[in-house]
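Per Swiss-Prot, the features are:
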type: BINDING; residues: CYS60, CYS62, CYS75, CYS78; note: Zn(2+) 1 binding site
type: BINDING; residues: ASP449, ASP451, ASP453; note: Mg(2+) binding site
type: BINDING; residues: CYS818, CYS892, CYS899, CYS902; note: Zn(2+) 2 binding site
Amino acid sequence: MIDVNNFEYMKIGLASPNKIRSWSRGEVKKPETINYRTLKPEKDGLFCERIFGPQKDWECHCGKYKRVRYKGVVCDRCGVEVTRAKVRRERMGHIELAAPVSHIWYFKGIPSRMGLVLDMSPRSLEEVIYFASYVVTDPGDTPLEKKQLLSEKEFRAYLDKYGRSFTAQMGAEAIRKLLMDIDLDKEVDGLKEELQTAQGQRRTRAIKRLEVLEAFRNSGNEPSWMILDVLPVIPPELRPMVQLDGGRFATSDLNDLYRRVINRNNRLKRLLDLGAPSIIVQNEKRMLQEAVDALIDNGRRGRPVTGPGNRPLKSLSHMLKGKQGRFRQNLLGKRVDYSGRSVIVVGPNLKMYQCGLPKEMALELFKPFVMKELVSKGLAHNIKSAKRKVERVQPEVWDVLEEVIKEHPVLLNRAPTLHRLGIQAFEPTLVEGRAIKLHPLVCTAYNADFDGDQMAVHVPLSAEAQAEARILMLAAQNILNPKDGKPVVTPSQDMVLGNYYLTMEREGAKGEGSVFKDTNEALIAYQNGYVHLHTRIAIPVASLGKTTFKEEQNSQLLLTTVGKLIFNEILPESFPYVNEPTAHNLEVETPSKYMVPTSTNVKELFQERDVVAPFKKGFLGNIIAEVFKKFKITETSKMLDRMKDLGFKYSTKAGITVGVADIVVLPEKKEILAEAEKKVDRVLKQFRRGLITEEERYDRVISIWSEAKDVIQDKLMGSLDKRNPIFMMSDSGARGNASNFTQLAGMRGLMANPSGRIIELPIKSSFREGLTVLEYFISTHGARKGLADTALKTADSGYLTRRLVDVAQDVIVREDDCGTDRGLEVEAIKEGNEIIEGLYDRLVGRVAFKTVRHPETGEPIVKKNELIHEDLAKQIVEAGVEQVTIRSVFTCDTRHGVCKKCYGRNLATGSDVEVGEAVGIIAAQSIGEPGTQLTMRTFHTGGVAGDDITQGLPRIQELFEARNPKGQAVITEIEGEVTNINEADKREITVKGEMETKTYSIPYGARIKVELGEQVVPGQSLTEGSIDPKELLKVQGMTGVQEYLLREVQKVYRMQGVEIGDKHVEVMVRQMLRKIRVIDAGDTEVLPGSLIEIQHFNDENKKVLLSGKRPATGRPVLLGITKASLETDSFLSAASFQETTRVLTDAAIKGKRDELVGLKENVIIGKLVPAGTGMNRYRNLDIVSDYDQQAVGTEEAVMEEAVTTE
């Protein structure tokens, strides 16, 4: 018996007529489905029990044999085998066609495969197949040519002239005769010779034909199998017919399509038996051909066959295609048992690794576990009574549930799952009510809020799944964001506000200058109202018990506030006492300016000193990162919980609210606006006199009003009290920003109209004063545009993520070191003088390719093949090194993936990347997830003008799809000097090199970037604009393009304030550049003009070079991500992505084998993915839990029991 779940590869091919007959259990001869009175299947019909198996388990059609004991008996009365009814899902039938028909995929696809094999145009093929023309299949000794088309008239004429000495036929049988006559070897050799000389169109055609013919020759498929003699009929359960509750029947469209085929086939048989006139037979054959076409791919040719209500019927092809097709709906996305969903609410008292699960939900999810436990505790006699107990919710069930649920993690998922942090594991705690409780700190990762979001719960069942959930997916383990390695669980909103309020200082607060003997005394004083949280006090350094103070400091006093004492209690003991929001305080020590001798008059000292700033959101993030660096994950998650509790507690105690009185009115606003009005009038006067153009007038008016708004904003922020609640909220980073405040208290400013052009009439009112009707109307433009954009672009971003995942899903860390001899030189990415991504960011977590030495002393800072961590990167930058060569994904030589050294550190864990990590998918998610932010930026400003960017998502798509960019720059192909810039009539630039001089014409309206006499290098842009990466590939080769794409993608994201690790972009760009176009095949096996993997190309060349023959030549190609996904070696992965029919047609002709190396293919066939714990090296590990795994089987056990007892 073969193991269904264990196979090495999957192969697809054309089926020969005999193969189809061998699959079949019998011929379907009648179009009938079921008998309308008995509702039993008709004999020899589409649902026949004799062909497809019994409808009820262990029961034949006529009822002579019932029960299991007759298993395997074939009934002598009705001929039905007694077996399980589920064989109706797997047994096939067939229809013997009275005339051959062509398979529409091979005849109609682009390019037409049949046409390429026969070297005929699709038009003439269509004429022959659909009985419009005759084709000469054997010219005999007449002057006619083989494959020549003849109309009815010509055929009659030649028949009269030559008699029967030639044969011409029509329909699919003629094509089959031609296909059978083809000698593949002869054709292939002829084409190879033709390729030596052919040029242009002929060459392209020859290459295409050669590809198809080689495919047939190598795969063992016969070209004549593209014509069908026998039609397979799929099992009836896959095209079911069900009775609705009105006595009517609903049936799958396929049954209608099969019925049409059978009807026409039977009619054709009858006509042939009767010896009907040829014109009638031809018409019937054409109708049969059309019926089979509709069955295989309805709507591909001509008008689709429609059902009731003019709805096109879904054919076999449609069953596979698109989001609702077999691939994406059922193979890649399955619904799972043991899952539930509910609304989420905040659970502020949960620990980092916990979630609250509603009791009734938990009971249903853990039902089998509870049942097993009830039996093993002796609370129920057997599984059946246990089930009854659970269903009646008897009180003892809850205690058992509490026990079962301990130590059993569940997965929580929020849609849309944009990155891997969208599913995390938690330990459930039972809660009353019907809402899931979620820890407030994981909201950022899920992008969740509590305005009605819902989340799904899944239960990992097996011991292995539980272990993986606990070790890899527990929320407390996922503190860092995989896209940039920064903490993702930073406190937000209330928590930030509470900690901000707690660490504020205030001059002259109650009890300023008090000195306490230790923290406890200070807290007692605070609780009794002698001092305030913001009071500046002093405390002996020694009483804090911190290990980070120096010896001599222990005898001094520390100047701090009561709030900061409380705040520091949550930090680990060996962490510096945090007294000011600076990096020095975090990383090194508490600054010594806060230490004073015990004899100091503290009160007087405080009067001279300035107030220290409180801790804002960013600084809290830095604290978390620093704690993580020093103490690793467990301590960090504990500290996060303490920080959360502190934040909630003190934001509550602070009682910070927002009232209308908190929005201050700016007295100078009237004057500022009047001044701006005057300026605008002046500009208008100049315009009326014709001194300036309409454009200039518009631009000046816009800039006058923007300036006015900025002045108001600056004055507002200056006049604000530091204790104003709204100011505190925006300053701490909890909510809001300066622009929001200006709109509340100052003026709303300029707005854009729906087309994005700024309306020159500003909104002078603020929300505090209220808008006039016209102003209100103008602001609705921007707000509405924001909402529409968001809705549209979210879909765009999701689709981008899908394409990225698809192109990189098989990139996995495969080995420790690939031993490459190339590295990548990196330096800071700059745009003009502005640094977009510094060298430090580009080095952290990468491996040095060669030793990095100090430029002055020559001392080695980093050795070859050593990982560069934060401190080393800092040293390199401080030493003044500007360029470092690192190991990069670009230069990695590993097959189907990357190696550990070239990838470097795993950003999500902060340690070395493991073999088996699916870095391709992580990269795709890291680039795709911020894609939604790139677009949603317009949404939050309520459409205030000036925030709209042309960059963003469209630019990212342009780069990854390798499209010709808008506003393309002209680049130079040679190195040399700019000798001529002609801007007047011809608009051209001349570059003179050592060997040649080139002149480039400049498109109208392009701004020139170079100056006369400037030295330029190949690939440098001569005009402003984006470079076309395909052009760059020709000029600079692979390295140039890789660096360009990396730089440009980083630019777009960094401009939006999104940080993404370089390595993610590198993984993507590498996938776009892994193919090579063969120019000349040399003596290798590869086909000229074909696209093949670079590594495969190199292998073939090595083979021929070793035997002293001529190698192939090729040039690298840059493919967009969509194209690259479709060009993958795995047909399963490509077919489930896009263009399903084309991919499958192609794969079938080539007889492709899918080796199942990527993740997607394995998900489709239901195997473990070959990444992480699913890799072969881990496959044979057994995880045994003390809690045995019988529980899941109990549901089935109940069912079995129920069946036997009936």
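In case you wondered, yes, glycine gets a Cβ from its N, Cα and C as well.
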Rounded Cα-Cα span from ASP453 (Mg(2+) binding site) to CYS62 (Zn(2+) 1 binding site), Å: 56
From binding-site residues CYS60, CYS75, CYS78, ASP449, ASP451, the one whose Cα lies nearest CYS892 (Zn(2+) 2 binding site): ASP449
Distance [Cα-Cα, Å, rounded] between CYS818 (Zn(2+) 2 binding site) and CYS78 (Zn(2+) 1 binding site): 66
Distance, ASP451 (Mg(2+) binding site) to CYS899 (Zn(2+) 2 binding site) (CA atoms, angstrom): 44
Surrounding CB atoms that lie within 10 Å of the CB of CYS899 (Zn(2+) 2 binding site), all protein chains: 22
CYS62 (Zn(2+) 1 binding site) CB neighbourhood, other CB atoms within 10 A: 14
CYS818 (Zn(2+) 2 binding site), number of other Cβ atoms within 10 Å: 18
Count of other CB atoms lying within 10 Å of the CB belonging to ASP451 (Mg(2+) binding site): 5
Other C-beta atoms that fall within 10 angstroms of the C-beta of ASP453 (Mg(2+) binding site): 17
Spatially closest candidate among CYS60, CYS75, CYS78, CYS902, the listed binding-site residues, to ASP453 (Mg(2+) binding site) (Cα to Cα): CYS902
Sparsest Cβ surroundings (other CB atoms within 10 Å) among the binding-site residues CYS60, CYS75, CYS78, CYS902: CYS78
DSSP three-state assignment (helix, strand or coil) for CYS899 (Zn(2+) 2 binding site): strand
C-alpha spacing of ASP451 (Mg(2+) binding site) relative to CYS60 (Zn(2+) 1 binding site), in angstrom: 58
For the Zn(2+) 2 site built from CYS818, CYS892, CYS899, CYS902, further residues of that chain with CB within 8 A of the site's CB center: GLU815, ASP817, THR820, ARG887, VAL889, THR891, ASP893, THR894, VAL898, LYS900, LYS901, TYR903
For ASP449 (Mg(2+) binding site): intrachain residues, at least 6 apart, with Cβ closer than 8 Å: CYS443
Cβ-based neighbourhood (8 Å from the centroid) of the Zn(2+) 1 site, residues CYS60, CYS62, CYS75, CYS78 excluded: HIS61, GLY63, LYS64, TYR65, ASP76, ARG77, GLY79, VAL80
Local Cβ density at CYS892 (Zn(2+) 2 binding site) - other Cβ atoms counted within 10 Å: 25
For the Mg(2+) site built from ASP449, ASP451, ASP453, further residues of that chain with CB within 8 A of the site's CB center: ILE344, ALA448, PHE450, GLY452
